[in-house]
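Record features, source TrEMBL:
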{"type": "DOMAIN", "residues": "41-362", "note": "domain 'G-protein coupled receptors family 1 profile'"}
{"type": "TRANSMEM", "residues": "24-50", "note": "transmembrane segment"}
{"type": "TRANSMEM", "residues": "98-117", "note": "transmembrane segment"}
{"type": "TRANSMEM", "residues": "138-157", "note": "transmembrane segment"}
{"type": "TRANSMEM", "residues": "177-196", "note": "transmembrane segment"}
{"type": "TRANSMEM", "residues": "309-333", "note": "transmembrane segment"}
{"type": "TRANSMEM", "residues": "345-365", "note": "transmembrane segment"}
Amino acid sequence: MEECAFRNATDAHCAEAASDRLFFLFNCAVLAFTLVLGLPGNLWVCWLVLRTKSLRTFNNALLVNLAASDLLKCSVDTPLFLLSLLRRAPVPVGALHRFTYALCSCVQLLTLVGVSVERFQAIAFPFQTDRRKARVRLWVFSIWACGFILAGVSSALSKEALSGEPPRSPDPFGPYVLVPVWGLSLTVIVVHYVRIFKVVRRHRRKVVSRGVRPRPAVSGGIWSVWRDPPAAPRSGLPLRSLPSAGRSGPPPPRRTVLLVAAADAASAGSSAGGSPVGRSSIVGAVCFLTPGAKERGKKRMEGKLAQRFGYIIIAFTLSWVPMVVVLVMNAIWKDTDRLLMQLETSAMVLTCVQAAVDPLIYTLVTRQFRSELGKILSSIPGCPLKSRSRRRDP
């Protein structure tokens with residue numbers, strides 16, 4: 001009987017050691033991936049914005065703020081996290097890790113909220129740019145102020161975990177502070193991107209239904225001149241005949257209508273003798289697109305918007321949902337089981353992955369950043385991605 005109990009205890013200990021080893025390897029691999037990919041990616045984003053004058057705008061200020069918070073997470077928080085997993089970290093290192101984790105997480109969430117709100121303002125009200133600078137400055141200041149405040153709250157609530165003894169209750173910062181901030185941020189992001197999609201779709205539908213047509217008073221004279229050009233200039237017509245180059249060959253699919261200004265009396269008198277003196281001036285041009293081209297443009301715009309929206313929601317959800325689920329379970333059961341503690345650590349590790357994925361989602365989907373990346377790749381001899389970047393950005 002004692003031998004069976006001893007064997008069961010040994011088996012349980014071996015299974016626990018194997019699970020601890022698997023969790024340890026998984027956490028170290030994810031943190032190493034975040035450090036290797038996120039540190040150069042966010043450094044590249046900040047360097048590119050500072051190097052390129054056309055990118056130093058207030059529209060990209062929140063993206064740079066997001067890259068700065070991700071850079072802080074990859075350069076400070078992730079190495080501290082990895083150090084605490086590899087060996088028993090001292091109390092000051094643990095306190096700094098918790099402070100930086102709370103700061104970077106809150107700044108990241110609030111910056112994503114600011115990006116969604118500012119993109120909606122830019123698309124729904126494109127001509128109201130007077131208050132954009134002040135609004136972006138307020139966003140940046142408020143985001144970091146809230147991040148430092150919430151990080152201070154995290155340090156104040158984590159004294160038991162920093163004392164070096166096993167915790168008797170779960171950390172209250174996660175379920176009571178971080179989870180509500182995440183839920184509110186996700187709600188605001190989803191609502192604003194759905195509003196952006198509706199605005200773009202309504203605008204495209206309005207353009208397709210109305211179309212672009214010339215004025216009736218002008219189009220009649222122009223099309224009559226286009227179809228039946230006069231043999232000799234008449235004094236009663238306010239419009240001169242179009243150049244002969246416009247009649248050579250079949251008309252292209254996209255037709256351009258040129259509105260020609262009327263000549264004055266002196267040039268009219270001189271042109272009656274056969275020698276034109278004044279030169280006609282172009283006062284406007286109207287381009288006609290076929291319904292098929294309009295429909296393709298509409299689908300392409302909505303497809304890009306839906307794709308970017310899907311990337312944002314998928315990355316935001318996959319990196320934070322495990323953390324939220326585990327924290328809620330700990331808050332409900334109020335248990336310090338070893339498996340739940342391991343799951344909570346792995347969930348915290350997964351939230352760091354977004355710092356490495358953000359440069360790909362929020363910058364590489366933008367044409368300006370892709371073109372700059374293509375220039376950098378084209379300068380590297382023998383780069384296999386050179387031809388691919390040239391095909392994407394002609």
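Using N, Cα and C of the backbone, Cβ positions are placed for all residues, glycine too.
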When counting Cβ pairs under 8 Å to the transmembrane segment (138-157), the leader among 98-117, 177-196, 309-333, 345-365: 98-117
Averaged pLDDT, computed only over the residues in the domain 'G-protein coupled receptors family 1 profile' (41-362): 73
Close approaches to the transmembrane segment (98-117) from elsewhere in its chain (Cβ under 8 angstroms; 6 or more beyond its ends): 62-63, 65-66, 69-70, 72-73, 76-77, 80-81, 139, 142-144, 146-148, 150-155, 158, 161-162, 173, 178, 181-182, 185, 188-189, 192-193, 312, 316, 348, 351, 354-355, 358, 362
